[in-house]
Amino acid sequence: MGKKGKVGKSRRDKFYHLAKETGYRSRSAFKLIQLNRRFQFLQKARALLDLCAAPGGWLQVAAKFMPVSSLIVGVDLVPIKPLPNVVTLQEDITTERCRQALRKELKTWKVDVVLNDGAPNVGASWVHDAYSQAHLTLMALRLACDFLARGGCFITKVFRSRDYQPLLWIFQQLFHRVQATKPQASRHESAEIFVVCQGFLAPDKVDAKFFDPKFAFKEVEVQAKTVTELVTKKKPKAEGYAEGDLTLYHRTSVTDFLRAANPVDFLSKASEISIDDKELAQHPATTEDIRACCQDIKVLGRKELRSLLNWRTKLRRYVAKKLKEQAKALDISLSSEEEGDEEESAAETKQASEEEEEREEEEQLNRTLAEMKAQEVAELKRKKKKLLREQRKQRERVELKMDLPGVSIADEGETGMFSLRTIRGQQLLEEVTQGDMNAADTFLSDLPRDDIYVSDAEDDDDTSLESDLDPEELAGVRTHSDQKEQKSLQFAQVDDSKEEEGENPLLVPLEEKAVLQEEQASLWFSKDGFSGIDDDADEALEISQAQLLYKSRQKEQQPTDPPPPPTNLKTEKKSSQCQNEVPKETEAITDTGGEDRDSSDSDSSSSEDEDDWKVSRGKKRSRGSKADEDGFEVVPIEDPVKYRILDPEGLALGAVIASSKKAKRDLIDNSFNRYAFNEEEEELPEWFVQEEKQHRIRQLPLDKKEVEHYRKRWREINARPIKKVAEAKARKKRRMLKKLEQTKKKAEAVVNTVDISEREKVAQLRSLYKKAGLGKEKRQVTYVVAKKGVGRKVRRPAGVRGHFKVVDSRMKKDQRAQRKEQKRNHRRK
């Protein structure tokens, strides 16, 4: 029967599933994300202290949103699993030990943000739980005041209870701005709210009573008011009336209405407007409706009030025109002296008006230019947005494999690949040299960004291919490619004169092969390394002559020929080559002319010459030589010493021999003992030889620490991978990283898709990672030793989970015996 999960209080809501998908340790991480989205306190913080931080969801959010080099410290009663770039402490925030540990960790630093998401163990009673949480918040505030920098933030969780208001009052005394909020991720049925305190005042001294719960949460007794206090002693002054205004009815004239600076305010205070001027009363704009509206303004609506304002505007224009006419008539009647003064004042007025007009025109021009510039900037922004939108759509199409990068449906007839053979004549050559750079720029800008990485990937594949091949295989591949290039050059020399319309000025005919080889040889031998090659050739001749003389003397001293070495196909081939080369050497001894240089210029290496000489040594001895008469003293050539790889005991013994001559003499003297085994191993049985080596060996006076030191060095050397293995692992890692990047891009495209459901997204993501081979995990196999009397079918043993394999103890013994047999056979060889 299936086990029923905990679904009370809608525990598994969307934030629960989001925390599972995004990797947060708790759903409360989204509370901090939403608080930071509103108040923006994590982006500018350089140091953060998280109290009651387990299991570490808020620490994960802080590490994500804060700068990389920030200091993040988390404290809780229970241990917190390690997080990158986060320091965790297991302490009680109500104790002095926690304060000392924080001082040790922070040193002289002051934190910018203090977080507190702590809550006590609940379940006793609501009143007790609320008080415990308020007391815990007060202790967190006490720690925050010790380590918070000036202007820092303090974010804490508080339960809504009767202790909430005292806490809020204490926060307001210590911080500049205090706001209470409830993020969307907090459950509606929960009594928790979050208080964000910003702008820490950092007072020089804080009263200890603030952090004493007995004083902070003390109930204040409200004294009851007496009846005499409730009775008002003096009647308050009436409000809403202007001082000195004894009546509410105000009658005004039309002249006052026309002179009013604020006509709307004038109409709100007036009750009636009397038309006392005859000219204004006879004006065409003064209709019967206007007269009726002027009699009682308090009852007018918006439409009638607007008609009164329009009537006022017409009357003001009429009065202004009339005043101008009167001013002109008055100017005519002025005397000549007054006329001069008037002209000067008029000129000044005209000049001032012209300056005012110029200023207005300049301001208008500046406004027009600013508007045009703003329109141009808006147009550029619109074009840029459009271009970015098209590029994003193209990238999404490529990521979703709806379109291939670099493939266009348009015709590619004229925009094919460039070829020299298409240029025929001087005119086409000039067109190519001039070029169309604008077209090239537009072509490059139209290309998608994904095409940029194609050439790099191809180069990486070529380099990885060269690193995979051995030197011999690489040389063979290069030789094969050179032969192909030579064949292609030979075919390119064939000239089809009938099909060509003109001569291509860029195609140059190739020279003959012999001429090219001679030029390459002359360039090669003109290097500085071949400057003293003549002297080297003379020395080589002298050495070869000395070797021949020494061989002939050894041949005379030996009565019988040595047995011929075992020959195979390679040795026979080399011996035949050596027989052909012997006469050339004798000719080189007698004649040191141009042939000497030719023989020294051969491409064969010195190691091959030495091998050939060793193979043909038996045949040269049988021929004999007349070189004894020359009287050369030949020094015998010693065979190269074969170095033996020492085990840790041998290395320790060598260190003792190299460090002390006395120890060396003692070791040599002690080697002559009764355990010395001087018999020939071939004449004795193998089992006897092995037992003697195992049991009749005298222990060497070696230091165990020294032997262990060399054994450890050997283990370190053996643990290092060889170059080919390291390169193969690096190539495999590079391929996996490349595949992972491609899969991530596809996964982002799937996640950003809106048309499919979450279940379909998860299925597509699983298929993507399965195709990329990133979700494969090696299956763990548990080996279980079978007991006697157990049949073929074995039940799952107790305590074993997952895949298990039953093995036999007999199998272990057989494998041990096989290893011994292989070791024995290896010794025989």
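The backbone N, Cα and C atoms fix where each Cβ goes, and this holds for glycine too.
The following features are taken from Swiss-Prot:
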| type | residues | note |
| --- | --- | --- |
| ACT_SITE | Lys157 | active site, proton acceptor |
| BINDING | Gly56, Trp58, Asp76, Asp92, Asp117 | S-adenosyl-L-methionine binding site |
| COILED | 722-760 | coiled coil |
| COMPBIAS | 336-346 | compositional bias 'Acidic residues' |
| COMPBIAS | 354-363 | compositional bias 'Acidic residues' |
| COMPBIAS | 456-473 | compositional bias 'Acidic residues' |
| COMPBIAS | 794-804 | compositional bias 'Basic residues' |
| COMPBIAS | 805-820 | compositional bias 'Basic and acidic residues' |
| CROSSLNK | Lys570 | SUMO2 cross-link |
| CROSSLNK | Lys626 | SUMO2 cross-link |
| CROSSLNK | Lys642 | SUMO2 cross-link |
| CROSSLNK | Lys661 | SUMO2 cross-link |
| CROSSLNK | Lys693 | SUMO2 cross-link |
| MOD_RES | Arg389 | citrulline |
| MOD_RES | Arg766 | citrulline |
| REGION | 332-367 | region 'Disordered' |
| REGION | 443-508 | region 'Disordered' |
| REGION | 528-634 | region 'Disordered' |
| REGION | 794-829 | region 'Disordered' |
Same-chain Cβ contacts of the compositional bias 'Basic and acidic residues' (805-820) under 8 Å, 6 or more residues past its ends?
781-786, 794
Let me spell it out: for each of the recorded positions (Lys157, Arg389, Lys661, Lys693, Arg766), count the other Cβ atoms within 10 Å of that residue's Cβ, using every protein chain shown. Which one has the most?
Lys157
Asp76, Asp92, Asp117: which of these binding-site residues has the sparsest Cβ neighbourhood within 10 Å?
Asp92
Determine, to the nearest whole angstrom, how far the Cα atom of Asp117 (S-adenosyl-L-methionine binding site) is from the Cα atom of Lys661 (SUMO2 cross-link).
74
Could you say which of the binding-site residues Gly56, Trp58 has its Cβ with the most other Cβ atoms inside 10 Å?
Trp58
Can you tell which of the recorded positions Asp76, Lys661, Lys693, Arg766 lies nearest to Lys157 (active site, proton acceptor) in space, using Cα positions?
Asp76
How big is the Cα-to-Cα gap, in Å, between Trp58 (S-adenosyl-L-methionine binding site) and Arg389 (citrulline)?
36
Spatial separation of Asp92 (S-adenosyl-L-methionine binding site) from Lys661 (SUMO2 cross-link) - C-alpha basis, Å:
67
Going by Cα-Cα distance, pick out whichever of the recorded positions Arg389, Lys693, Arg766 is nearest to Asp92 (S-adenosyl-L-methionine binding site).
Arg766
Of Arg389, Lys693, Arg766, which is closest to Asp76 (S-adenosyl-L-methionine binding site) if I measure between C-alpha atoms? They're all recorded positions.
Arg766
